[in-house]
Ligand SMILES: [Zn+2]
């Protein structure tokens, strides 16, 4: 099997509250700050509440979604008094944790999120060939047994990558649900905390020279989104997620399967030719983004054996 060696991960950032009402991440970061977690082995650990104004008012954001503000265009835009708060905040975070794409950027950024969807624990990453992220996923999947652990890959070029983990040289989002926004549930909090602890353990072992075996990984690759049926004039939704789809994230959706139940009682069926895997089913924050659920394709990929390069 192919073997890859990569530089040590000397700076790690763990960020919560990027969405101010996703409470597990807020409390994981606050707990790490209370316990003064500032180092793991030879690596420094920075903890950040990404959107403090939104956390204070327990909303996803105040002016605009911070986790869509990390594209090169927005990070290099001119900020004025009229700019949304989150655009200025994204640029501050880019100075603190990036600059994105530069040698000064943190080596690993973990951004913590919750979803109202029944997704279990998902690692979301931008690249099919970021061996650090893929090995961290493999490690977390092996260690966490309290809920399903899956990997979602978004194949987007770095300049267009819009979410905060793209500031780091390596970046993952840890997305855990179901948890209502504004609420913290112990089972969801514990799974997230364990995923963060396992990530930091992996970093410590990597930096101290452990060799991580490669192998095959099952991944979900993002394909498309499906919106609710909407009234053509008012744009109001005219149906809810069908009871046979609700809570069935990552269960294969075939042509003809029910996806919506209209408010007048009619069933809407999936018409796609290709069977795909739904996820983010009925995510509360996506109503305004015209997304009822997302669809993914399942793939197997092979990752190489990995170890640190100390030269
Ligand atoms: Zn989020």
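Keep in mind that glycine also has a Cβ here, set from the backbone N, Cα and C atoms.
Values in this document were obtained by computation on a predicted structure and should not be read as measured data.
Taken from TrEMBL, the feature active site, proton donor/acceptor applies to 175. For 19, 22, 113, the entry in TrEMBL reads Zn(2+) binding site. Feature annotation from TrEMBL assigns domain 'Succinylglutamate desuccinylase/Aspartoacylase catalytic' to 10-201. The feature domain 'AstE/AspA barrel-sandwich hybrid' is assigned by TrEMBL to 216-298.
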Over the domain 'AstE/AspA barrel-sandwich hybrid' (216-298) the mean pLDDT stands at 97
For a three-state summary based on DSSP, what are the helix, strand and coil counts in the domain 'AstE/AspA barrel-sandwich hybrid' (216-298)? 3 helix, 35 strand, 45 coil
Highest Cβ count within 10 Å among the recorded positions 22, 175: which residue is it? 22
What number of additional C-beta atoms lies within 10 angstroms of the C-beta atom of residue 113 (Zn(2+) binding site)? 25
Cα distance, residue 175 (active site, proton donor/acceptor) to residue 19 (Zn(2+) binding site), nearest Å? 12
Secondary structure at the residue listed as 'active site, proton donor/acceptor' (DSSP, helix/strand/coil)? strand
Cα-Cα separation of residue 22 (Zn(2+) binding site) and the residue listed as 'active site, proton donor/acceptor', in Å? 10
Other than 19, 22, 113 themselves, what residues in this chain have Cβ atoms within 8 Å of the centroid of the Zn(2+) site's Cβ atoms? 16, 17, 18, 21, 25, 60, 67, 112, 114, 115, 175, 181
Using C-alpha atoms only, work out the spacing between residue 113 (Zn(2+) binding site) and residue 175 (active site, proton donor/acceptor) and round it to an integer in Å. 5
